[in-house]
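Annotation source TrEMBL lists domain 'RNA polymerase sigma-70 region 2' at A:7-69. Among the features that TrEMBL reports, domain 'RNA polymerase sigma factor 70 region 4 type 2' is placed at A:98-148. Here TrEMBL flags A:161-251 as domain 'DUF6596'.
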Amino acid sequence: MDEGLLRDLTPGVLAVLVRRGADFAAAEDAVQDALVEALRVWPADPPRDPKGWLVTVAWRRFLDAARADAARRRREDRVEEEPPPGPAPAVDDTLQLYFLCAHPSLTPSSAVALTLRAVGGLTTRQIAAAYLVPEATMAQRISRAKRTVSGVRFDRPGDVGTVLRVLYLVFNEGYSGDVDLAAEAIRLTRRLAAAIDHPEVAGLLALMLLHHARRASRTAPDGELVPLAEQDRSRWDTAAIAEGVAILQGALSRDRLGEFQAQAAIAALHADAPAAEETDWVQIVEWYDELVRLTGSPVVRLNRAVAVGEADGPRAGLAALAALEDTLPRHTAVAAYLHERDGDLATAAGLYAEAARRAPNLAERDHLTRQAARLNARLRG
Amino acid sequence: MAKYLLLKHYRGAPDPVNNVRMDQWTPQEISAHMQYMRDFAARLEETGEFVDAQALAPEGTFVRYDGEGRPPVTDGPFAETKDLIAGWMVIDVDSYERALELAGELSAAPGAGGRPIHEWLELRPFMTEPPTVTE
(Lines of atoms letter the chains of each structure in order from A and count residues from 1; the text may use other names and numbers.)
(Lines give C-alpha, C1' and ligand atoms only; values in the text may rest on other atoms or scores of the structure.)
Protein backbone atom coordinates (compact mmCIF):
# COMPACT_ATOMS: atom_id res chain seq x y z
CA MET A 1 0.00 0.00 0.00
CA ASP A 2 1.26 3.46 -0.86
CA GLU A 3 1.62 5.26 2.44
CA GLY A 4 2.65 8.42 0.59
CA LEU A 5 -0.67 8.52 -1.23
CA LEU A 6 -2.52 8.03 2.03
CA ARG A 7 -0.63 10.90 3.59
CA ASP A 8 -1.25 13.10 0.55
CA LEU A 9 -4.95 12.81 1.33
CA THR A 10 -4.57 13.83 4.97
CA PRO A 11 -4.88 17.64 4.80
CA GLY A 12 -7.85 17.44 2.43
CA VAL A 13 -9.73 15.09 4.77
CA LEU A 14 -8.90 17.26 7.77
CA ALA A 15 -10.13 20.32 5.92
CA VAL A 16 -13.47 18.66 5.17
CA LEU A 17 -14.03 17.92 8.86
CA VAL A 18 -13.13 21.45 9.89
CA ARG A 19 -15.41 22.89 7.22
CA ARG A 20 -18.24 20.72 8.55
CA GLY A 21 -17.80 22.42 11.90
CA ALA A 22 -15.43 20.15 13.82
CA ASP A 23 -12.93 22.06 15.89
CA PHE A 24 -9.39 21.65 14.68
CA ALA A 25 -7.98 19.61 17.57
CA ALA A 26 -10.82 17.07 17.59
CA ALA A 27 -10.82 16.84 13.78
CA GLU A 28 -7.11 16.18 13.76
CA ASP A 29 -7.45 13.36 16.29
CA ALA A 30 -10.24 11.81 14.25
CA VAL A 31 -8.20 11.96 11.04
CA GLN A 32 -5.28 10.27 12.77
CA ASP A 33 -7.60 7.49 13.88
CA ALA A 34 -8.87 7.12 10.33
CA LEU A 35 -5.32 6.90 8.97
CA VAL A 36 -4.46 4.14 11.41
CA GLU A 37 -7.65 2.33 10.43
CA ALA A 38 -6.80 2.71 6.75
CA LEU A 39 -3.37 1.21 7.28
CA ARG A 40 -5.07 -1.77 8.90
CA VAL A 41 -7.95 -2.30 6.48
CA TRP A 42 -6.78 -1.14 3.05
CA PRO A 43 -4.15 -3.75 2.25
CA ALA A 44 -6.84 -6.48 2.22
CA ASP A 45 -9.76 -4.33 1.16
CA PRO A 46 -8.72 -1.22 -0.80
CA PRO A 47 -11.51 1.36 -1.17
CA ARG A 48 -12.57 2.67 -4.57
CA ASP A 49 -12.62 6.24 -3.29
CA PRO A 50 -9.80 6.53 -0.73
CA LYS A 51 -10.53 10.13 0.22
CA GLY A 52 -14.25 9.50 0.59
CA TRP A 53 -13.48 6.47 2.73
CA LEU A 54 -11.20 8.52 4.99
CA VAL A 55 -13.73 11.33 5.31
CA THR A 56 -16.48 8.87 6.27
CA VAL A 57 -14.38 7.06 8.86
CA ALA A 58 -12.85 10.22 10.29
CA TRP A 59 -16.24 11.93 10.53
CA ARG A 60 -17.68 8.88 12.31
CA ARG A 61 -14.77 8.89 14.74
CA PHE A 62 -15.26 12.57 15.33
CA LEU A 63 -18.97 12.08 16.02
CA ASP A 64 -18.26 9.18 18.40
CA ALA A 65 -15.73 11.25 20.30
CA ALA A 66 -17.98 14.30 20.35
CA ARG A 67 -20.92 12.21 21.55
CA ALA A 68 -18.85 10.69 24.33
CA ASP A 69 -17.72 14.16 25.19
CA ALA A 70 -21.26 15.50 25.09
CA ALA A 71 -22.54 12.64 27.25
CA ARG A 72 -19.86 13.39 29.74
CA ARG A 73 -20.86 17.00 29.89
CA ARG A 74 -24.57 16.27 29.49
CA ARG A 75 -24.73 18.53 26.50
CA GLU A 76 -26.40 16.70 23.66
CA ASP A 77 -26.84 19.59 21.28
CA ARG A 78 -23.25 20.16 20.41
CA VAL A 79 -22.97 18.28 17.17
CA GLU A 80 -25.41 17.66 14.37
CA GLU A 81 -25.80 14.02 13.37
CA GLU A 82 -25.75 14.74 9.65
CA PRO A 83 -23.08 17.05 8.32
CA PRO A 84 -24.40 20.25 6.78
CA PRO A 85 -23.96 20.23 2.99
CA GLY A 86 -21.44 23.04 3.21
CA PRO A 87 -19.86 24.90 0.32
CA ALA A 88 -18.04 23.09 -2.44
CA PRO A 89 -14.48 22.24 -1.47
CA ALA A 90 -12.38 25.35 -1.75
CA VAL A 91 -9.05 25.07 -3.53
CA ASP A 92 -7.15 26.58 -0.67
CA ASP A 93 -8.33 24.31 2.17
CA THR A 94 -4.90 22.76 2.26
CA LEU A 95 -3.35 26.19 2.27
CA GLN A 96 -5.36 27.18 5.34
CA LEU A 97 -4.02 24.12 7.14
CA TYR A 98 -0.45 25.13 6.36
CA PHE A 99 -1.13 28.60 7.77
CA LEU A 100 -2.72 27.21 10.89
CA CYS A 101 0.07 24.73 11.61
CA ALA A 102 2.71 27.42 11.19
CA HIS A 103 0.76 30.03 13.15
CA PRO A 104 3.02 32.70 14.68
CA SER A 105 1.67 31.91 18.17
CA LEU A 106 3.46 28.53 17.99
CA THR A 107 7.11 27.97 18.85
CA PRO A 108 9.18 26.65 15.91
CA SER A 109 9.32 23.12 17.32
CA SER A 110 5.57 23.04 17.90
CA ALA A 111 4.88 24.35 14.42
CA VAL A 112 7.17 21.71 12.92
CA ALA A 113 5.49 18.90 14.87
CA LEU A 114 1.98 20.05 14.07
CA THR A 115 2.76 20.54 10.38
CA LEU A 116 4.24 17.06 10.08
CA ARG A 117 1.21 15.54 11.73
CA ALA A 118 -1.76 17.53 10.46
CA VAL A 119 -0.47 18.36 6.98
CA GLY A 120 2.05 15.58 6.53
CA GLY A 121 -0.08 12.81 8.03
CA LEU A 122 2.84 11.34 9.97
CA THR A 123 2.04 9.57 13.22
CA THR A 124 3.15 10.96 16.56
CA ARG A 125 5.47 7.98 16.92
CA GLN A 126 7.16 8.71 13.59
CA ILE A 127 7.62 12.39 14.44
CA ALA A 128 8.99 11.51 17.89
CA ALA A 129 11.46 9.09 16.31
CA ALA A 130 12.51 11.68 13.74
CA TYR A 131 13.37 14.18 16.47
CA LEU A 132 14.69 11.67 19.01
CA VAL A 133 12.27 12.45 21.82
CA PRO A 134 9.92 10.09 23.69
CA GLU A 135 6.55 9.54 22.05
CA ALA A 136 4.77 10.92 25.15
CA THR A 137 6.74 14.16 24.88
CA MET A 138 5.89 14.56 21.20
CA ALA A 139 2.23 13.78 21.91
CA GLN A 140 2.16 16.56 24.49
CA ARG A 141 3.93 18.96 22.17
CA ILE A 142 1.37 18.29 19.45
CA SER A 143 -1.68 18.52 21.69
CA ARG A 144 -0.42 21.78 23.21
CA ALA A 145 0.13 23.13 19.73
CA LYS A 146 -3.41 22.15 18.75
CA ARG A 147 -4.79 23.88 21.83
CA THR A 148 -2.77 26.99 21.02
CA VAL A 149 -4.25 27.33 17.55
CA SER A 150 -7.73 26.02 18.34
CA GLY A 151 -9.10 29.56 18.64
CA VAL A 152 -7.60 30.68 15.36
CA ARG A 153 -10.21 31.28 12.69
CA PHE A 154 -9.83 29.02 9.71
CA ASP A 155 -11.01 31.51 7.13
CA ARG A 156 -8.29 34.12 7.15
CA PRO A 157 -5.16 33.99 5.04
CA GLY A 158 -1.95 33.63 7.00
CA ASP A 159 1.62 34.61 6.39
CA VAL A 160 3.38 32.49 3.78
CA GLY A 161 6.72 33.48 5.31
CA THR A 162 6.02 31.63 8.56
CA VAL A 163 5.01 28.50 6.63
CA LEU A 164 8.21 28.63 4.60
CA ARG A 165 10.36 28.96 7.70
CA VAL A 166 8.72 25.87 9.20
CA LEU A 167 9.23 23.83 6.02
CA TYR A 168 12.83 25.02 5.81
CA LEU A 169 13.40 23.82 9.38
CA VAL A 170 11.97 20.40 8.55
CA PHE A 171 14.29 20.19 5.55
CA ASN A 172 17.42 21.48 7.19
CA GLU A 173 17.36 20.28 10.78
CA GLY A 174 16.46 16.77 11.71
CA TYR A 175 17.94 13.40 12.34
CA SER A 176 18.46 10.64 9.86
CA GLY A 177 15.92 8.12 11.08
CA ASP A 178 13.20 6.07 9.44
CA VAL A 179 11.34 9.15 8.31
CA ASP A 180 13.17 11.01 5.57
CA LEU A 181 12.51 14.56 6.77
CA ALA A 182 14.18 16.17 3.76
CA ALA A 183 11.97 14.20 1.36
CA GLU A 184 8.96 14.98 3.54
CA ALA A 185 9.79 18.70 3.47
CA ILE A 186 10.03 18.58 -0.32
CA ARG A 187 6.70 16.76 -0.57
CA LEU A 188 4.99 19.35 1.65
CA THR A 189 6.60 22.30 -0.15
CA ARG A 190 5.65 20.86 -3.52
CA ARG A 191 2.03 20.68 -2.42
CA LEU A 192 2.17 24.18 -1.01
CA ALA A 193 3.55 25.39 -4.33
CA ALA A 194 0.59 23.75 -6.06
CA ALA A 195 -1.84 25.53 -3.72
CA ILE A 196 -0.38 29.03 -3.88
CA ASP A 197 1.34 30.99 -6.60
CA HIS A 198 4.16 32.72 -4.75
CA PRO A 199 7.76 33.22 -5.94
CA GLU A 200 9.29 32.51 -2.51
CA VAL A 201 7.40 29.20 -2.22
CA ALA A 202 8.85 28.29 -5.60
CA GLY A 203 12.22 29.58 -4.42
CA LEU A 204 12.18 27.33 -1.37
CA LEU A 205 11.11 24.31 -3.43
CA ALA A 206 13.94 24.99 -5.89
CA LEU A 207 16.40 25.40 -3.01
CA MET A 208 15.37 22.07 -1.50
CA LEU A 209 15.53 20.22 -4.81
CA LEU A 210 18.96 21.62 -5.63
CA HIS A 211 20.40 20.62 -2.27
CA HIS A 212 18.64 17.27 -2.24
CA ALA A 213 20.16 16.53 -5.64
CA ARG A 214 23.60 16.50 -4.04
CA ARG A 215 22.62 14.31 -1.12
CA ALA A 216 24.18 11.04 -2.28
CA SER A 217 27.56 12.72 -2.73
CA ARG A 218 27.54 14.70 0.52
CA THR A 219 28.66 11.84 2.77
CA ALA A 220 31.18 9.06 2.21
CA PRO A 221 30.07 5.45 2.81
CA ASP A 222 31.53 5.63 6.33
CA GLY A 223 29.50 8.75 7.13
CA GLU A 224 32.32 11.24 6.61
CA LEU A 225 31.28 14.66 5.37
CA VAL A 226 32.45 15.38 1.81
CA PRO A 227 32.86 19.10 1.13
CA LEU A 228 31.23 20.54 -1.98
CA ALA A 229 34.54 20.97 -3.82
CA GLU A 230 35.42 17.29 -3.38
CA GLN A 231 32.02 15.78 -4.18
CA ASP A 232 31.67 13.32 -7.04
CA ARG A 233 29.50 15.44 -9.30
CA SER A 234 28.56 12.48 -11.48
CA ARG A 235 26.45 11.30 -8.54
CA TRP A 236 24.35 14.45 -8.44
CA ASP A 237 20.72 13.92 -9.37
CA THR A 238 20.48 15.72 -12.70
CA ALA A 239 16.69 15.40 -12.91
CA ALA A 240 16.26 17.12 -9.52
CA ILE A 241 18.73 19.83 -10.58
CA ALA A 242 16.90 20.43 -13.86
CA GLU A 243 13.59 20.67 -12.04
CA GLY A 244 15.02 22.99 -9.38
CA VAL A 245 16.58 25.28 -11.98
CA ALA A 246 13.36 25.43 -14.02
CA ILE A 247 11.29 26.27 -10.94
CA LEU A 248 13.81 28.90 -9.89
CA GLN A 249 13.85 30.52 -13.32
CA GLY A 250 10.07 30.75 -13.26
CA ALA A 251 10.21 32.38 -9.84
CA LEU A 252 12.98 34.84 -10.70
CA SER A 253 11.12 35.97 -13.82
CA ARG A 254 8.41 37.34 -11.53
CA ASP A 255 10.89 39.92 -10.32
CA ARG A 256 9.96 39.62 -6.65
CA LEU A 257 13.22 38.47 -5.18
CA GLY A 258 13.32 36.94 -1.71
CA GLU A 259 15.87 35.12 0.41
CA PHE A 260 14.90 31.60 -0.66
CA GLN A 261 15.16 32.49 -4.35
CA ALA A 262 18.57 34.05 -3.74
CA GLN A 263 19.75 30.98 -1.81
CA ALA A 264 18.42 28.74 -4.56
CA ALA A 265 20.27 30.84 -7.15
CA ILE A 266 23.53 30.17 -5.31
CA ALA A 267 22.77 26.44 -5.14
CA ALA A 268 21.93 26.51 -8.87
CA LEU A 269 25.29 28.10 -9.71
CA HIS A 270 27.06 25.32 -7.81
CA ALA A 271 24.93 22.70 -9.53
CA ASP A 272 25.75 24.27 -12.89
CA ALA A 273 29.54 23.86 -12.54
CA PRO A 274 30.80 20.63 -14.17
CA ALA A 275 33.85 20.81 -11.85
CA ALA A 276 34.54 22.76 -8.66
CA GLU A 277 37.18 24.89 -10.46
CA GLU A 278 34.60 26.01 -12.98
CA THR A 279 32.27 27.49 -10.35
CA ASP A 280 31.16 31.03 -11.18
CA TRP A 281 32.22 32.53 -7.85
CA VAL A 282 31.90 36.12 -9.07
CA GLN A 283 28.21 35.61 -9.69
CA ILE A 284 27.85 33.75 -6.40
CA VAL A 285 29.32 36.74 -4.54
CA GLU A 286 26.75 38.96 -6.26
CA TRP A 287 23.95 36.71 -5.03
CA TYR A 288 25.40 36.82 -1.53
CA ASP A 289 25.31 40.61 -1.76
CA GLU A 290 21.60 40.33 -2.56
CA LEU A 291 21.13 37.94 0.36
CA VAL A 292 22.91 40.31 2.75
CA ARG A 293 20.65 43.09 1.53
CA LEU A 294 17.55 40.92 2.02
CA THR A 295 18.40 39.37 5.39
CA GLY A 296 21.34 41.23 6.96
CA SER A 297 22.18 37.85 8.47
CA PRO A 298 25.72 37.45 9.90
CA VAL A 299 25.72 33.81 8.80
CA VAL A 300 25.12 34.97 5.22
CA ARG A 301 28.03 37.42 5.56
CA LEU A 302 30.24 34.56 6.70
CA ASN A 303 29.30 32.46 3.67
CA ARG A 304 29.89 35.51 1.52
CA ALA A 305 33.44 35.76 2.90
CA VAL A 306 34.07 32.18 1.70
CA ALA A 307 32.76 33.10 -1.75
CA VAL A 308 34.89 36.26 -1.83
CA GLY A 309 37.90 34.09 -0.95
CA GLU A 310 37.20 31.96 -4.01
CA ALA A 311 36.41 34.85 -6.34
CA ASP A 312 39.15 37.31 -5.34
CA GLY A 313 41.67 35.17 -3.49
CA PRO A 314 42.11 34.12 0.16
CA ARG A 315 43.46 37.53 1.28
CA ALA A 316 40.25 39.20 0.12
CA GLY A 317 38.26 36.47 1.90
CA LEU A 318 40.20 37.03 5.12
CA ALA A 319 39.58 40.78 4.85
CA ALA A 320 35.84 40.14 4.50
CA LEU A 321 36.03 37.77 7.45
CA ALA A 322 37.84 40.32 9.62
CA ALA A 323 34.75 42.52 9.56
CA LEU A 324 32.66 39.80 11.27
CA GLU A 325 32.31 38.72 14.91
CA ASP A 326 34.55 35.73 15.57
CA THR A 327 31.90 34.22 17.83
CA LEU A 328 29.80 33.31 14.76
CA PRO A 329 29.32 29.57 14.26
CA ARG A 330 31.84 28.22 11.72
CA HIS A 331 33.85 31.49 11.77
CA THR A 332 37.00 29.65 12.90
CA ALA A 333 36.52 26.89 10.32
CA VAL A 334 36.24 29.49 7.55
CA ALA A 335 39.36 31.30 8.84
CA ALA A 336 41.24 27.97 8.85
CA TYR A 337 40.23 27.25 5.26
CA LEU A 338 41.22 30.72 4.01
CA HIS A 339 44.59 30.59 5.80
CA GLU A 340 45.30 27.22 4.22
CA ARG A 341 44.45 28.60 0.79
CA ASP A 342 46.79 31.48 1.58
CA GLY A 343 49.61 28.99 2.26
CA ASP A 344 49.84 29.53 6.03
CA LEU A 345 49.51 25.89 7.03
CA ALA A 346 50.60 26.27 10.65
CA THR A 347 47.95 28.89 11.40
CA ALA A 348 45.37 26.88 9.45
CA ALA A 349 46.14 23.67 11.37
CA GLY A 350 45.71 25.43 14.72
CA LEU A 351 42.45 27.03 13.60
CA TYR A 352 41.06 23.73 12.26
CA ALA A 353 41.73 22.11 15.63
CA GLU A 354 40.06 25.01 17.44
CA ALA A 355 37.11 24.90 15.04
CA ALA A 356 36.75 21.16 15.72
CA ARG A 357 36.45 21.85 19.44
CA ARG A 358 33.65 24.33 18.74
CA ALA A 359 31.80 22.27 16.11
CA PRO A 360 28.10 21.83 16.89
CA ASN A 361 27.80 18.41 15.28
CA LEU A 362 29.86 15.22 15.11
CA ALA A 363 30.24 15.01 11.34
CA GLU A 364 31.61 18.54 11.20
CA ARG A 365 33.88 17.98 14.20
CA ASP A 366 35.36 14.83 12.71
CA HIS A 367 35.83 16.54 9.36
CA LEU A 368 37.64 19.50 10.96
CA THR A 369 39.79 17.24 13.12
CA ARG A 370 40.86 15.37 9.97
CA GLN A 371 41.72 18.68 8.27
CA ALA A 372 43.93 19.62 11.24
CA ALA A 373 45.54 16.16 11.21
CA ARG A 374 46.16 16.36 7.45
CA LEU A 375 47.96 19.72 7.78
CA ASN A 376 49.92 18.65 10.87
CA ALA A 377 51.17 15.58 9.00
CA ARG A 378 52.31 17.82 6.12
CA LEU A 379 53.99 20.23 8.52
CA ARG A 380 55.93 17.36 10.10
CA GLY A 381 57.10 16.61 6.53
CA MET B 1 15.10 22.55 18.59
CA ALA B 2 18.11 21.68 20.60
CA LYS B 3 18.80 19.06 23.19
CA TYR B 4 20.61 19.87 26.39
CA LEU B 5 21.94 17.80 29.24
CA LEU B 6 21.44 19.16 32.76
CA LEU B 7 24.19 17.50 34.75
CA LYS B 8 23.98 17.18 38.48
CA HIS B 9 27.26 16.51 40.30
CA TYR B 10 27.92 14.70 43.56
CA ARG B 11 31.33 16.38 43.49
CA GLY B 12 33.09 18.76 41.18
CA ALA B 13 30.61 21.61 40.94
CA PRO B 14 31.11 24.80 42.97
CA ASP B 15 29.43 24.82 46.38
CA PRO B 16 25.72 25.61 46.40
CA VAL B 17 24.39 28.59 48.36
CA ASN B 18 22.31 26.47 50.74
CA ASN B 19 25.15 24.07 51.42
CA VAL B 20 23.91 21.49 53.92
CA ARG B 21 24.50 17.79 53.28
CA MET B 22 21.33 15.86 52.55
CA ASP B 23 21.75 13.53 55.55
CA GLN B 24 21.44 16.60 57.76
CA TRP B 25 18.03 17.58 56.36
CA THR B 26 14.75 16.60 58.01
CA PRO B 27 12.89 13.68 56.37
CA GLN B 28 10.16 16.11 55.32
CA GLU B 29 12.75 18.32 53.62
CA ILE B 30 14.04 15.29 51.71
CA SER B 31 10.51 14.36 50.62
CA ALA B 32 9.84 17.94 49.54
CA HIS B 33 13.03 17.89 47.49
CA MET B 34 12.11 14.64 45.73
CA GLN B 35 8.61 15.89 45.06
CA TYR B 36 10.01 19.05 43.50
CA MET B 37 12.14 17.01 41.11
CA ARG B 38 9.20 14.79 40.14
CA ASP B 39 6.94 17.79 39.59
CA PHE B 40 9.59 19.46 37.49
CA ALA B 41 9.92 16.40 35.23
CA ALA B 42 6.14 16.04 34.98
CA ARG B 43 5.81 19.67 33.96
CA LEU B 44 8.41 19.23 31.24
CA GLU B 45 6.55 16.23 29.91
CA GLU B 46 3.47 18.39 29.63
CA THR B 47 5.27 21.16 27.78
CA GLY B 48 6.70 18.58 25.37
CA GLU B 49 10.29 19.31 26.42
CA PHE B 50 11.19 16.20 28.41
CA VAL B 51 13.54 13.60 26.97
CA ASP B 52 15.13 11.66 29.81
CA ALA B 53 16.09 11.71 33.48
CA GLN B 54 18.43 9.25 35.19
CA ALA B 55 20.31 9.00 38.44
CA LEU B 56 23.66 7.27 38.89
CA ALA B 57 25.03 5.35 41.86
CA PRO B 58 27.93 7.28 43.36
CA GLU B 59 30.45 4.47 43.14
CA GLY B 60 31.69 3.08 39.85
CA THR B 61 34.52 0.96 38.51
CA PHE B 62 37.24 1.92 36.07
CA VAL B 63 37.77 -0.66 33.34
CA ARG B 64 40.31 -1.00 30.55
CA TYR B 65 41.47 -3.44 27.86
CA ASP B 66 44.47 -5.49 28.95
CA GLY B 67 45.52 -7.21 25.74
CA GLU B 68 44.44 -10.10 23.57
CA GLY B 69 42.91 -13.04 25.45
CA ARG B 70 43.13 -11.35 28.83
CA PRO B 71 40.20 -10.18 30.95
CA PRO B 72 39.77 -6.42 31.30
CA VAL B 73 41.57 -4.76 34.20
CA THR B 74 39.42 -3.03 36.78
CA ASP B 75 40.30 -0.41 39.29
CA GLY B 76 38.68 2.07 41.65
CA PRO B 77 36.50 3.51 42.88
CA PHE B 78 38.90 6.34 43.60
CA ALA B 79 38.12 8.38 46.68
CA GLU B 80 40.05 11.32 45.22
CA THR B 81 38.05 11.55 41.97
CA LYS B 82 37.25 15.23 41.68
CA ASP B 83 34.27 15.08 39.37
CA LEU B 84 31.44 12.73 40.18
CA ILE B 85 28.17 12.77 38.25
CA ALA B 86 25.01 12.19 40.26
CA GLY B 87 22.52 12.15 37.42
CA TRP B 88 21.06 14.08 34.58
CA MET B 89 18.03 15.35 32.83
CA VAL B 90 17.83 15.72 29.04
CA ILE B 91 15.57 18.40 27.63
CA ASP B 92 14.57 19.32 24.08
CA VAL B 93 13.90 23.06 23.88
CA ASP B 94 13.52 25.86 21.36
CA SER B 95 16.42 27.99 22.56
CA TYR B 96 19.48 28.26 24.76
CA GLU B 97 17.61 30.87 26.80
CA ARG B 98 14.86 28.36 27.55
CA ALA B 99 17.47 25.78 28.60
CA LEU B 100 18.98 28.32 31.01
CA GLU B 101 15.56 29.14 32.42
CA LEU B 102 14.80 25.47 33.08
CA ALA B 103 18.21 24.79 34.61
CA GLY B 104 17.68 27.75 36.94
CA GLU B 105 14.31 26.36 37.92
CA LEU B 106 15.73 22.91 38.66
CA SER B 107 18.51 24.44 40.73
CA ALA B 108 15.86 26.05 42.93
CA ALA B 109 14.83 22.65 44.35
CA PRO B 110 14.31 23.02 48.11
CA GLY B 111 16.92 21.76 50.57
CA ALA B 112 17.64 22.42 54.24
CA GLY B 113 15.08 24.69 55.87
CA GLY B 114 12.87 24.30 52.79
CA ARG B 115 14.95 26.99 51.09
CA PRO B 116 16.25 26.61 47.52
CA ILE B 117 19.62 24.83 47.33
CA HIS B 118 20.88 27.13 44.53
CA GLU B 119 22.80 24.09 43.32
CA TRP B 120 25.17 24.53 40.37
CA LEU B 121 24.00 22.46 37.40
CA GLU B 122 26.12 21.93 34.33
CA LEU B 123 24.34 22.70 31.07
CA ARG B 124 25.78 20.90 28.02
CA PRO B 125 24.40 21.10 24.47
CA PHE B 126 24.08 17.85 22.51
CA MET B 127 25.86 17.49 19.21
CA THR B 128 23.31 17.81 16.40
CA GLU B 129 23.05 16.35 12.93
CA PRO B 130 24.82 18.48 10.33
CA PRO B 131 22.45 20.89 8.56
CA THR B 132 21.65 20.17 4.91
CA VAL B 133 22.16 23.71 3.66
CA THR B 134 25.66 24.94 4.39
CA GLU B 135 26.51 27.42 1.68
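Note: Cβ is positioned from N, Cα and C throughout, glycine not excepted.
Note that the structure is a prediction, hence the values are computed from the model and not measured.
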Tally of helix, strand and coil residues over the domain 'RNA polymerase sigma-70 region 2' (A:7-69) according to DSSP?
51 helix, 0 strand, 12 coil
The domain 'RNA polymerase sigma factor 70 region 4 type 2' (A:98-148), counted residue by residue under DSSP: helix, strand, coil:
37 helix, 0 strand, 14 coil
Averaged across the domain 'RNA polymerase sigma factor 70 region 4 type 2' (A:98-148), what pLDDT does the model get? Just tell me the whole number, please.
94
